[in-house]
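Below are the features I grabbed from TrEMBL:
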ACT_SITE  99  active site, for sulfotransferase activity
BINDING   99, 100, 101, 102, 103, 182, 190, 292, 308, 309, 310, 311, 312  3'-phosphoadenylyl sulfate binding site
DISULFID  293-303  disulfide bond
DOMAIN    90-334  domain 'Sulfotransferase'
TRANSMEM  12-29  transmembrane segment
């Protein structure tokens with residue numbers, strides 16, 4: 001009798017064990033399919049309106065690594081095809097202004113995972129020889145990117161070259177145009193300083209800034225001097241407005257980009273219709289260099305080239321004052337056209 005009870009108990013335990021194991025295997029199989037199965041009407045969606053589709057930050061950072069390898073030439077054609085990488089014409093161009101902070105702006109925008117930059121100045125639209133090579137040559141100079149990313153190039157000579165507005169319009173009449181400006185007199189001195197440094201490297205002499213900026217015969221501002229002429233922003237902008245509406249331009253404060261870059265970058269993000277991704281974490285002040293440097297992640301940081309932030313030579317105060325007075329009416333007109341006001345003298 002006892003033997004029969006023990007046998008019956010073992011049989012029940014066996015059946016119970018089989019049921020437990022079967023249930024566990026079923027649950028494992030269900031969990032394995034959770035990623036593939038989505039509820040027809042998720043509960044959360046009943047209470048919260050769906051957010052606009054955005055590109056996951058981690059995905060973009062991963063893809064940025066692929067783009068970096070492509071730029072280094074480490075991707076085969078097959079890998080490029082599999083990653084869906086393309087060379088796109090730019091959807092936005094930093095057209096100027098020289099010594100306004102174009103390089104700093106480009107590098108800072110490159111912090112955004114949805115932005116891909118052309119590292120070198122292409123000089124396609126302002127160089128007749130390059131322009132004659134055609135649009136496919138230009139496209140071939142662009143970096144590899146994902147279809148949803150924005151490609152940006154910068155060539156500050158575009159802003160002051162007469163043929164460029166029409167040429168860019170023919171390529172893309174709806175392209176976004178970025179102009180970064182600084183206080184005109186400071187920009188002119190910075191322009192001079194860069195040229196002076198180049199002359200000194202070649203052991204060549206160069207005129208003093210005062211002798212170039214002021215006409216010795218009339219004692220008036222020398223508008224034939226390129227550094228002065230470039231700072232007359234409104235004259236160049238008026239040429240662009242023959243082809244593009246003012247709403248198609250975004251003006252960046254180059255002086256503020258040096259001292260407090262984040263607000264300016266956030267304005268550009270909105271202008272480019274990008275989700276806000278650049279934060280204070282990405283920007284840290286380097287006291288030694290006197291500029292903000294860039295932090296892409298916990299491993300990779302980057303500062304601008306040492307040539308940025310050159311020390312300007314001392315300039316006669318009366319010459320600076322004369323230049324500021326000369327630029328003043330042009331500045332006022334620039335404010336009126338663009339709708340952006342600066343605290344320039």
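In case you wondered, yes, glycine gets a Cβ from its N, Cα and C as well.
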Between the Cα atoms of residue 303 (disulfide bond) and residue 103 (3'-phosphoadenylyl sulfate binding site), what distance do you get, rounded to the nearest Å?
11
Highest CB neighbour count within 10 A among the recorded positions 99, 103, 310, 312?
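That would be 99, with the highest Cβ count within 10 Å.
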Give me the CA-CA distance between residue 312 (3'-phosphoadenylyl sulfate binding site) and residue 293 (disulfide bond), in Å, as a whole number.
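With the alpha carbons as reference points, the distance is 21 Å.
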For a quick check of packing: other C-beta atoms within 10 Å of the C-beta of residue 303 (disulfide bond), how many?
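Excluding its own Cβ, the number within 10 Å is 15.
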How far is it from residue 103 (3'-phosphoadenylyl sulfate binding site) to residue 293 (disulfide bond), counting Cα to Cα, in Å?
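Computed Cα spacing between residue 103 (3'-phosphoadenylyl sulfate binding site) and residue 293 (disulfide bond) is 13 Å.
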Out of 99, 101, 190, 310, the recorded positions in the record, which is closest to residue 293 (disulfide bond) when you go by Cα distance?
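Nearest in space to residue 293 (disulfide bond), counting only the recorded positions, is 101.
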Let me know how many other Cβ atoms fall within 10 Å of the Cβ of residue 101 (3'-phosphoadenylyl sulfate binding site).
27
Provide, as an integer number of angstrom, the distance between the C-alpha atoms of residue 190 (3'-phosphoadenylyl sulfate binding site) and residue 99 (active site, for sulfotransferase activity).
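Pair distance, Cα basis, whole Å: 6 Å.
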Can you count the other CB atoms that lie within 10 A of the CB of residue 293 (disulfide bond)?
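Result for residue 293 (disulfide bond): 16 neighbouring Cβ atoms inside 10 Å.
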Around the Cβ of residue 190 (3'-phosphoadenylyl sulfate binding site), how many other Cβ atoms lie within 10 Å? Please give the count over every shown protein chain.
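There are 20 such Cβ atoms around residue 190 (3'-phosphoadenylyl sulfate binding site).
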